Amino acid sequence: MTGLAMLRRPAEPLAWVMAPLRRVAGMDRGLSQLRWPLLGAVAISLIATGAIGLVLGLDGPTAGPVWMTVTFAASFTPLALFVLRRVPAHPIGHLMLWIGLSAIAATLAICWSAMLPMAWLSQWAWWPPIALIPLLLLLFPDGRLPSPRWRPLAVVLVAAAAAATVALASAAVIAPRTLVTVGTRVPSAGRPLILVALAAVLVLGLATVAVLVALVRRARVASPTERWQLVCLLPSAALFLVGFALDYLNVPGGWLATVITLPVGLTFAILRYRLYDLDLYIHRGVVWLLLTTLAVASYAGAVTLVEGVISPDSSVTSTLVAGAVVAACLVPAERWAQRAASSLLYGSRDDPYTLMTRVGSHVEALADPLAVLPRFAATVVDDLRVPYAAIVLTAGQDDPLLVEHGRLSGEPERFSMRAHGKEMGELLVGQRRPGAQFSGAERRLLLGLAGQAALAAEACRSTLDLQRAREQLVLAREEERRRLRQDLHDGVASALAGAGMLTSAVRHCVPPDGRAPELLDVLAGDLDSCTSEIRRLIDGLRPAALDDGLAAALSTVVARVQGPTLTSTLTVDNDLAELPAAVEVVTYRIVTEAVANVAKHAHAQHCTVRVDRAGHLVRITIDDDGRGLAASAAHPTGVPSSGVGISSIRARLEEVGGSLEIASSAAGTSVRATIPVHRARIEKAS
């Protein structure tokens, strides 16, 4: 995926801002393709006109603002045309086009300010291109806000930029030639407007700091392609803020940091850097920009401190001191910049000990061995800045177990996992960029991680084997109970019942005198007792209600909780016949326990039970409109619980490899259980 490909998802997070920009720029989709060369020709002509005015010196102000607006016009306009040519509806393209066109207008106004209308325009038209840049940084690269909670910041950016623009334009009416000219005083009538503009600029500066924070946070969680684009832009965005701070402190040439680095960073982030192997150059470029930022900030701070406190009248002293400060800080700053750039681009690649320690601590902290592998894969993705990691567990299992994190594009790198001389599976790691290769040091690190993953996989495999053995034991037990119940019911119980009936018949055949009738009565009583005991054993082996089928048993359970204040309904989809005995018993017990909880604790008016079979799954859903489960009854794992009932349901599901989900709120509670049927089959002995 190229850098431009990230722009192929147009979004309109601020439609109320983008619609006017499109109308001004004339970018409606219905226009002919001829608009692009025409717009490019117009932009080039306007830039050339401004340059001619600058060269001829047509009553323009100092060169600084002119070169700033010319640079913005010459960089943002073609870059916007490049993006909009391929993605016509993208907000980033429209914002860059608006910045470029307004910079062209400012350049023309400054260079042709001999005319009064152009002079008025020159006093404030340089501000909108600058004011729109923080909004551009916030929406970069896909035109979307990092998250909905950043919407107020976008509103503040737009409002501050508009307020400052209106205030400057209004004040320029009072002083159309001297409002921003160095060495002149603002007329008293325009000072309130200037104060409003300065307040708006201050708010915009603080909001820009928040934008930089958003860029850093977004770079940490972004996809690899988007992360590299943001990394290209971050130092330039920082220098944008530093440049204006230096210009505010009257440091000569401070605006250069803003004018030059931001267009370069944007161009590098958008163009197709992936056509080349630019990892090293991007890394060095980030280090250079970080060092430049630190050096410029250190120099400016030292100059300000010396001139303001130590030696106000000596520019030579301040320059020497500032140079010494920058030289002293250069080596440690270079080391820090190297570490910061490497951490941002490659994560913990250069600090394998820290990564290994973090992985080990994660393995030790998790009590559930089955949760270790997902956490392991997530740690590899987050700490190495790779897009994808997966663990394929093959040892001791017919079907491989796949645990993955992230999104895969292209062929992953494979690393064998061996533990105690046994092949456990493979660690799969996606490349940071299509066609890239891991370095030798990275491969050695990943091989070490694969060894740790093998140990975790071995523990996971042992846990899965124990869990499967437990499930098979439970399933075999229930199948045996069903067989015993059937045998006892059809054999011993029937024989005892028959013997009791025969005893009663003999009792009526013998003469009433003698001891025979008395002995027969005793025998009949003993037979009745044995029959009752046998039936008690039969009912203990398996719920008697299941003799008529699972659907009929569930109907009886749901109907039992009906009452004047509770209405319950049952829906059974698909055929529930031929289910394994354990699945039938667990389903029956879960529904019985859940509807009992609803009747006793929920204070609900309606309860809906739904049981269906979808392929190899039996799904159970119990919904009610009661008061929900108490927050204090939350389970340690995050699943709500309401005491012994839910704990019993969870334990029964664990025995057959099922899962439980509970969602509870003031509007009611929803219990969803899933039981795998294919794992619940026992091979019968031949």
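Using the three backbone atoms N, Cα and C, a Cβ is placed for every residue, glycine included.
Lifted from TrEMBL, the feature list:
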| type | residues | note |
| --- | --- | --- |
| TRANSMEM | 36-58 | transmembrane segment |
| TRANSMEM | 64-84 | transmembrane segment |
| TRANSMEM | 96-118 | transmembrane segment |
| TRANSMEM | 124-141 | transmembrane segment |
| TRANSMEM | 153-174 | transmembrane segment |
| TRANSMEM | 194-216 | transmembrane segment |
| TRANSMEM | 228-249 | transmembrane segment |
| TRANSMEM | 255-273 | transmembrane segment |
| TRANSMEM | 285-310 | transmembrane segment |
| DOMAIN | 589-679 | domain 'Histidine kinase' |
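Using the rule of three or more Cβ pairs under 8 Å, pairs at least 6 apart in sequence, the transmembrane segment (64-84) is not in contact with the transmembrane segment (194-216). Relative to the transmembrane segment (124-141), the listed stretch 153-174 leads the set 96-118, 153-174, 194-216 in CB pairs under 8 A.
Counting residues of the domain 'Histidine kinase' (589-679) by DSSP class, helix then strand then coil, yields 31 helix, 35 strand, 25 coil.
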